[in-house]
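These features come from TrEMBL:
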TRANSMEM  12-32  transmembrane segment
TRANSMEM  44-64  transmembrane segment
TRANSMEM  76-95  transmembrane segment
TRANSMEM  254-276  transmembrane segment
TRANSMEM  282-302  transmembrane segment
TRANSMEM  314-333  transmembrane segment
Amino acid sequence: MIQGYSPVFQALLGTIFTWGLTAAGAALVFIFTHGQRQILDGSLGFAAGVMLAASYWSLLAPAIEMAESSGNFGAFAFFPVAVGFTLGASFVYLADILMPYLGMAEDSQMALMLSFDSKPMKEKANTEFPLPFHENELSIPIEKNENGEAYPRKKVAALGASDGSATSQPPRESRVKKGSNSWRRILLLILAITVHNIPEGLAVGVGFGAIGKTASATFESARNLAIGIGIQNFPEGLAVSLPLRGAGYSTWRAFWFGQLSGMVEPVFGLLGAFSVVLAEPILPYALAFAAGAMVYVVIDDIIPEAQTSGNGKLASWTSILGFVVMMSLDVGLG
């Protein structure tokens, strides 16, 4: 992110930066191999606070200012921002709903669609890699009931042992089926992570594309947004690579899948920058869309995951810290 270059090039640099921090977070798998759930939950809480602050000061505030300064909406200047915000949240919500229909209907638990959930990896470990697990290593799988409340479930291996059931498939057929399901789970997980990173890439691109359109849409604001999303991506990379390593994947393979989640951001960052440069009237909608998607991910994905392993207070206070840090960056350096 170097001031003085075109918005599109700035967006490319910004999203490469956020991808790099995703890879840096995934690289921690070379250091942390187990028993680091507190670090992960604290990092997720910090990321949630950062994203909430960035969604307002770097996205919503410029969107509101643009809608007001355009003079087209008058007292209803909130309308394009409200519409864009709702559409952004709806985009992520619909992506979650449609995910099971994109290739694996039988494993349609919501947990499989969240980039921070370790359920697929624990199931893989129980079925393919009979390795011992420590309770503080990975969160116990959860399922949501119709009211959205989470209930802990027994581990898959424990369930199998309690009812005395044993596999009736021939060994070769069983191995083929397990291998197929394993790769399908991995592919679905990568697809889910990719979908959840699209709004973040768009947010960076739109932020740089909006530079100079209003007083609050500055280079510093766009830069701070990229920094905030990069901070959020750091624990996300670790949240993918660490459970994979605990499930028996090699360190390099776990790192590869962890950093893979950020590769989509440069593509959609460029798309976002091109869109707002070519079609300035959509700026308030685009900024609010990115903010709505980010806030929905925080509320529906990041905060619940950080609360599942008994580190809720830690995650809450690191969220406050993350919000204050990002607010200080935007207000003090913007």
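Each residue, glycine too, has its Cβ placed from N, Cα and C.
Sequence-distant neighbours of the transmembrane segment (44-64) (same chain, 6+ residues past either end, Cβ-Cβ under 8 Å): 77-78, 80-81, 84-85, 116, 203, 206-207, 210, 213-214, 216-217, 221-222, 224-225, 228-229, 231-232, 234-236, 239, 283-285, 287-288, 290-291, 294-295, 297-298, 302-303, 305-306, 314-327, 330-331, 334. A contact between the transmembrane segment (282-302) and the transmembrane segment (76-95) is present, since 3 or more of their C-beta pairs, 6 or more residues apart, lie under 8 Å. For the transmembrane segment (76-95), same-chain residues at least 6 beyond its ends with a Cβ under 8 Å from one of its own Cβ atoms are 60, 63-64, 67-68, 70, 195-196, 199, 284-297, 300.
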